[in-house]
């Protein structure tokens, strides 16, 4: 006789049973089971969740204080379209107008930088002019750090301050005005701040006109369009969003006003204004429905003293007696216009339509998931619901000789015993909808643990019968 195999340790036996159970469960098949729960509160929650999901996909609020109106979310978000963002764009600007200061008349060649016109253009509105600068030695600006002195010992010859105007000579000299002294520098003299003239050009600047020519192209859809209508006469028109949207000639005062700024203050300190052109095009519609939308806002931080405003310097050079090179240094304050182009184009495509439609239909199932969680967690008879929702059906091979277990004598089978019946001997459904396995649960009449009697099988049929609707409780 063979020796008996030694018993496995308790832990190993548990692990073995667990592994065997997991392997067996891996080959199980699960199929949905429909249970109708007659509970108004639960049904109300279910329908409300479905309604909210439908409202998200079907209805969109038009804004606070306005009524709802039907706009299918696919149309609002263009989810049924293939889209392209960031069009290829070209921008050309041209400024026209004249203005005056205290001393002279200024034309566009003098107050527009750069003169060629692109997506960025600066319009000078105020100047601080330092005329007749020549190369030589002169006192450093008192605004330069550590430039003040009392004697030559305070100034180091050859020292270069990157925030200053030149190289120090080692001498301490009187300042341009007052009793102060600063270190002498070798530079363009007199330095800025010494004999500065202030000229304001903003008196007539609000009437300057700016032509903004913009053309865009969406390469994916091979679509191009511009913001100037064909055969448009631009000599006698100005921009109006309603009456003349394809005349892109803007007055500078209009741009500043639309950005919500005060023109006089902006002209004195300078600033950056963005002109945003948005091309949102639905290419399923006609080309005439694809129109540019303009918006205006200030881009530099208005309330930050360290970075607010806009200014730059440039110089004009000339010679006196054909020998001495002289220049006029100009610190210019102005309004910089940045033209920014955005856009998105879309056209119908079958693939995104199918994907988003499937997402919408799948989202409706969130209501059923939520109600199942409430049903199995918070309802008074959650154990009964759990028993009816999850059934385990065995095939005949799980029973000896393929026969189902017989119920105890003197009573009919319980619900659990009915669930253990093989598929071949399940009781027939009294419901008229034979294709759908449906069980109806009435929360007002159910009693936990209630057993229903089953009549004896007749001679004509060897299976159980259900004259009272066994599955309808």
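For all residues, glycine too, the Cβ spot is worked out from N, Cα and C.
The ATP binding site annotation in TrEMBL covers 94, 95, 96, 209, 311, 312, 313, 331. As annotated by TrEMBL, disulfide bond applies to 138-189, 149-172, 155-183, 237-247, 281-290. Per TrEMBL, the feature N-linked glycosylation site maps to 207. Per TrEMBL, the feature region 'Disordered' maps to 394-416, 451-473. Marked as transmembrane segment by TrEMBL: 48-69, 357-379.
Everything TrEMBL records as a feature, shown here on the structure.
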| residue | record | contacts (Cβ under 8 Å, 6+ apart) |
| --- | --- | --- |
| 94 | ATP binding site | 117, 210, 211, 213 |
| 172 | disulfide bond | 149, 150, 151, 152, 154, 155, 181, 182, 183, 184 |
| 209 | ATP binding site | 95, 96, 97, 238, 249, 250, 251, 252 |
| 237 | disulfide bond | 244, 247, 249 |
| 281 | disulfide bond | 218, 223, 225, 289, 290, 343, 344, 345, 346 |
| 312 | ATP binding site | 113, 122, 331, 332, 334 |
So for residue 149 (disulfide bond), how many other CB atoms are inside 10 Å of its CB? 20
I'm trying to understand the geometry here, so how far is the Cα atom of the residue listed as 'N-linked glycosylation site' from the Cα atom of residue 311 (ATP binding site), in Å to the nearest whole number? 21
Could you tell me the maximum Cα-Cα distance in Å between the residues recorded as binding ATP, namely 94, 95, 96, 209, 311, 312, 313, 331, rounded to a whole number? 24
Over all shown protein chains, what is the count of other CB atoms within 10 A of the CB belonging to residue 138 (disulfide bond)? 22
How long is the line from the C-alpha of residue 311 (ATP binding site) to the C-alpha of residue 189 (disulfide bond), rounded to the nearest angstrom? 22
Give the number of CB atoms, excluding that of residue 183 (disulfide bond) itself, located within 10 Å of its CB. 26
Length of the line joining the Cα atoms of residue 189 (disulfide bond) and residue 313 (ATP binding site), in Å: 16
List the Cα distance (Å, whole number) between residue 138 (disulfide bond) and residue 313 (ATP binding site). 20
So if I measure Cβ to Cβ from residue 313 (ATP binding site) and keep only same-chain residues at least 6 apart in sequence, which ones fall under 8 Å? 329, 330, 331, 332
For the recorded positions listed here (95, 155, 290), tell me which residue's CB has the most neighbouring CB atoms inside 10 Å. 155
All-chain count of other Cβ atoms within 10 Å of residue 331 (ATP binding site): 17
